[in-house]
Structure formats: structure tokens, C-alpha cells
Amino acid sequence: MNLEKLSKPELLTLFSILEGELEARDLVIEALKAQHRDTFIEERYGKYNISDPLMALQRDFETLKEKNDSEKQPVCTNPLSVLKAVMKQCKNMQERMLSQLAAAESRHRKVILDLEEERQRHAQDTAEGDDVTYMLEKERERLTQQLEFEKSQVKKFEKEQKKLSSQLEEERTRHKQLSSMLVLECRKATSKAAEEGQKAGELSLKLDKEKSRASKLEEELAAERKRGLQTEAQVEKQLSEFDIEREQLRAKLNREENRTRALKEEVESLKKLVKDLEAAQQHRSTSEQGREPVTMSRGTATEPPMRVSAFCQTESVQTERSHGSVITKLTDTGLPGPTTAAYSYAKANGHCDPEIQTTRELTSDSSTENQGPPREKSAVAAQEKPVENGGCPVGTETPVTMPSHLPSSGSSLSPSSTASSSLTSSPCSSPVLTKRLLGSAASSPGYQSSYQVGINQRFHAARHKFQSQADQDQQASGLQSPPSRDLSPTLLDNSAAKQLARNTVTQVLSRFTNQGPIKPVSPNSSPFGTDYRNLASTASPRGDTSHSPTPGKVSSPLSPLSPGIKSPTIPRAERGNPPPIPPKKPGLTPSQSATTPVTKTHSQASSLAATEDLASSCSPSAVVANGKDVEILLPTSS
């Protein structure tokens, strides 16, 4: 038994043996203790029967008496205890022998059973051995027959081999002849190959020379291609900038026309109001003729003009019109209303109500006729409503000065100077166009018309240049969203420079337009995206008139409820990372102008007329988006 590698049953047997040894040791210890106890008791109390209690009491009495008498008798051995020990030992030996006999009987039975099993196995093995010998005899007979058959086959194969060997000898002689012929042909082919190799070397030298020439030509072609791409990108960028500037100018002009139209309507309404006031004043004067006249002093004060920024892409009017209150005050007192009520006009998101300003002027004129008490005009009244995102013109005769802490002041309040003021205050207008437009205002309208003709020619040339490709894209798109249009008829490798220029234009446009969700548009789209002529004609007006001086404005293409402007760029999914936003031009920031009264002159009127001619090639669209007035410029086809 290997003690280092023990199996589970071996370990169990060892543990059982150890357990038996421990139990035997405990039994021996108990037996030894019992033997010593019995000997001690027998030696001391051997003459008494321990099972009888009376005898035990007598024994104890005698021991006590002996102690008292101090007389000790010698202890003698008792033969009864010895006999009991011998009997006990015999009983133990008998039990042990009986257990050994039972174990021997069980072992004998097991051996008998094993012998019987071995006898049966031997009988089976002998029977199987007879069967195996019979099968082996049959197999031997079969193999002998097969051996005879194979011998006959070997004889046949030997005969065939002799025939084949003779044939192989003949074939070998033929192959020798053929090999000699092939050697001769190979020598000839090697000589020809050497000649062809020399020719190939010469041709390779020529090919290398041609490749060097071709590489030089390719480098020159690549340089020319890069130059062409750069020039094309610059031209496209300039064209896009010119288009953007023209659209912005057209939007400003459209905004100013709407404002002048609103002012005219309000002037008519205020004329009616003045007539009513004059009638009320005449009635009051006739009633006061019988009274004693009172001399009243009249004080007037001049106010510097208000100069605010005239451009904001998103503008809304938040004005509380109090015509009824003004009329009641004027009819009750015979005097104009307080300056605070007349001057408190709202200015929010770059648009203010011109009706309140005109009402203020007319009520001031009526107060001078009625010899009312002097009232000083406070500059604080102009600060009652905050100015947000730039300013807009609100008055035509008496401009009011805005506080110096307002965001921007770059245009006068006269509508005759709206073109130049919108140019100077626009954050995206070109300084070159600004100088030209201001110069035309000082010189003559003919220069402005020639500039407009140049812009229109450039715009239509760029448009007709890409019309064919836009028509193909239109046929492919159908009623779905228009795909990305390549605005340059060049190869596909020019897409990098074109994409850079278009992304720059897109970044500029994204500053000044509200991007709405792009919806599928009609198939009759223009080369620059959606055909906005249909949108401008079919868009329904927004009913919110409290934010705009003209209630008839159409829905904005930039609003969330209408399709967005399709800029000449590729889709956002194909665009990749957007390019960095280019820095603003130094001439785009609005400049602070002097707060001096500006009157309407002939040169400014001519510049306004020229600006109207300039924007004649684009369709305006004044929109209302999210409660804010937005006026955008839409390209039209000529």
C-alpha cells in the first residue's frame, strides 16, 4: 500500500481501523480502572455482601468502631473476588471466541460463493473457446482459398508486366529521340530569349524616360488643378458673399417699405383723430368764449434725435396702443396727454411701433394751438421701454434721442436714410457695398442703377451656369427632400475646396437665420434650393398683429411650420465636421454715430430709390416666426 497516494476506500478503512483502536484503548483503560477498584473493595470490604444495605451499615459501624478503638485488623485476600475475576475473564474469552467463529463462518461462505462463480466462469470460457476454435478453422479454410486465388492473379500480373516492360522500352527510345530534339529547340529559344531581353532592356529605358516625363506632366497638372480649385473656390465664395449681401439689402429695403406703408396708414388714422380733436377744440372754444381770457405761457423744448440700430434678423413689436385713453384725456382737458404716455413706445427685438410716435407729434401740435399750460418734455419718457437687439426708425419729423447706454445706434430716424443706416448697422453687410451705397446717396441714382445691373448680371450668370445640373437633381428628387447639389461643373476631386467654401457660406447664413426643420418641398425647386416664389404666394398670414405693424405678412420659411431655406450646401450627414467660423470683417461692426438731427435730403431719397431698383430681382418675404417679425430675402428666376 502506497501511503503517499491513498484512494478514498483505503482512507476510509484506515480511519475505521484507527477508530477501532481508540475504542479498544478506552475499553482497556476502563477495564484496568474497574479491576483496581474491585481489588481495592475486595481487599477492604471482602467479608461483607455489598448488595445488602444492612450489611453495609454494619460494615460502616464496625469500621467506625475500629477507628474509635484504634484497633486495626490486617486485611486478608478474599478468594471470592478472585473467582469472580476469573469468571469474568472466561466470559470475555467466550464472547470473543464466538465472534471469531461467526467471522470465520462468514468468510467460509464467501469463499464457497467465489469458488462457485469461478466454476461457472470456467464453464462459460470453455464453451466460448470451442466456438472460437470453430470460427478460426473456418477462417483458415477461407484464407487458404484466397491464397490460391491470389497466386493465380500474381501469375497473370507477371505476364502483363512483361508485356508492359517491352512497351516501356520502346517508349524510352522514342523519348530519347524527342528529348534530343527538344534540347536543340531549347537552345534556339534561349538564343532568341537573349535577343528579346536586350530589346526589352532598351524598351524599359525608353519606358523610364516616358514615365519621368509623365510624372512631371502629372505634377504640373496637379499644380494647375490645385490652382483651378483655389480660384474656383474663391470665385464661389465671392459670389455667395455677393448674393448674401444683396439678399440682406433687399430684406432691409423690404422692411423699410413695410414700415413706411404702416406709417402712412397710421398717419391717415391720426389725421382723422386730429380732425376729431379739432372739432372738439372748436366746440370747447365756442363754449369758453364768454369766459375771461387768461394769458398762458407756452414752453417748448427740442429733443436730440434717437439713433438706434436699424437691423435685426428677428424682431417683434411689443407696444401697448392707447388711442382711446389719449382721446379721452384730450377731450376732457383740452390739452395733449402727458408726455410719458405719448412717448412710451415699446422697442423689442429691433422693431418699434411708429404709430405712437406719430400720435405724439400730432398731439404736441394740437397743444400749441390751444394755448395749453407749458409742459416740459422729459428725456426719461424715452427710456420707459427697453431696446433689445438694435433699433429701428419710428418717427418721420421729430426724432427722439435714446439713452447713451443702449446697445447700438447707427441709423437716424428718417426713412429717407434707411438704406445707408441699415448698411452701417448690419452685422453681415460688406464695407465695399456700404461705401458704394453711401456714395451713390451723395452723388446720383445713376451710379446705384449701374451697380444693381452688375449684381444682377453676376447673379444670373451664376444661376444659368448651374441650371442644367439643378434640373437633373430636380428630376431625381421628385417629391422627396432635395438632395445635395454640386454648384460647380467640375470633377469629383474638387469637392474638398467646394465643400470648404460652401461650409463657410453656411456658417455665415446660420448666424442670421433661424434654422427650422427641413420638410420635403415641391419639385419645382430653384438651383439654390426651394423655389420661394410659391412659398411667398401660398403662405398664409399669421393672425398675431400685436407684434407687427402690418398684419398682412406671410408665414416664414424659417418658422417651424414651413420648409426651411435650402442653402447651396451638401447635406449635414455628408458634410462631416463643420469648418471653423471665419472671423468677422472689420467693417461689419456697427459704428457709433453722432446724435444730431438728420433731415430728409434729395440725395438720401435718390439712394432709397436706387436701393429699390437694386432689390428688384429678388422676391421679399416678410414673415412672422414664433411671435417675432422676420424678413428674409428669397431668390427668384428672371
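Here the Cβ of each residue, glycine as well, is placed from N, Cα and C on the backbone.
Under the heading coiled coil, Swiss-Prot lists 87-284, citing sequence analysis as support. What Swiss-Prot lists as compositional bias 'Polar residues' is 360-371, 514-528, 589-620. Taken from Swiss-Prot, the feature compositional bias 'Low complexity' covers 401-430, 467-477. Summarising the annotation, Swiss-Prot assigns phosphoserine to SER285, SER481, SER488, SER522, SER526, SER559, SER562, SER567, SER591. Residues or ranges marked as phosphothreonine by Swiss-Prot on the basis of similarity to another entry: THR569, THR589. Look at Swiss-Prot and you will find 280-303, 360-430, 463-490, 514-621 tagged as region 'Disordered'.
For the coiled coil (87-284), the model gives a mean pLDDT of 93.
Cβ neighbours within 10 Å of SER285 (phosphoserine), excluding its own Cβ and spanning all shown chains: 12. According to DSSP, SER285 (phosphoserine) is assigned to a helical segment.
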